[in-house]
Amino acid sequence: MQPQLPPLKPIPIKDRISVLYVERGNLDVLDGAFVVVDKTGVRTHLPVGGVACLMLEPGTRVSHAAVTLASRIGCLLVWIGEAGVRLYASGQPGGARADRLLYQAKLALDDSARLKVVRKMYALRFREEPPERRSVEQLRGIEGVRVRKMYELLARQHGVAWKARNYDHTQWESGDVPNRCLSSATACLYGICEAAILAAGYAPAVGFIHTGKPQSFVYDIADIFKFETVVPVAFRIAAKKPRDPEREVRLACRDAFRQSKILHRIIPTIEQVLAAGGMDVPTPPPESVEAVIPNKEGIGDAGHRG
């Protein structure tokens, strides 16, 4: 009998590259390596085990072997439109667990617990406690007013002409540069947030502020980080009026993600906002599978860097 290969040891989300974009190529596993092959047959190796999210643009084909490997190592594959303006589909990298999903759903279905979670999200986003005796709908309205004012403030700070947050994904090129930059920037953030949510074992669709959409929880979590990361980047790039704003935004977002160490913070933030609901995390049954990206346990004592 042939000896079995040792099990893969996925890299923790916090230690990965945030996002890579692939367009006009074939993703495959050749000679044991995850590669993208262009029309001339040239192979480019992708360190997929160290990437949180691969964004697949038009012209990209993916083999069964590539999808299998991405799933095993916990890399989220997202099929998007050109420049990331639409999300068509995403592949779950095997991280969902019944105990986490039931915990999340229980919080979302309990009105009192849901309100506590929403209030915690508000406090983290705006760095102040929300007004007392407000419903989820009222907090959503207050949040919307504050967000519009923050867009206006950032536009003035960067000298960008601003009307409103509005774009038509069916006529992308007709949109103004600030909105195109914002859409490209938030697409980057949504990708890594969804990858983190799945890696932690939760459901992207079960939201608390946002509801009724496949990525409701993604929007909830992304909104906590949006104005400290991608929104300032989008306005800064828009002020330069580049020829290819989408590409400039992607590169700037990658740098912003690295500098802010956002991948270190997303999963702890998810746990923090859910814990605000005041319900105990259920103990997983003995037969439950391990997380697709388990936390690395050190061999030293508590506090040891190893």
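Keep in mind that glycine also has a Cβ here, set from the backbone N, Cα and C atoms.
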For the Mn(2+) site that Swiss-Prot gives with HIS210, ASP223, which of GLU143, GLU152, GLU271 also belongs there?
GLU143
Around the recorded Mn(2+) site, report the further residues of that chain (criterion: Cβ within 8 Å of the mean position of the Cβ atoms of GLU143, HIS210, ASP223; site residues excluded), sequence-ordered.
MET121, ARG125, ARG140, VAL147, ILE209, TYR219, ASP220
Same-chain residues at least 6 apart in sequence whose Cβ lies under 8 Å from ASP223 (Mn(2+) binding site):
MET121, ARG125, ILE209
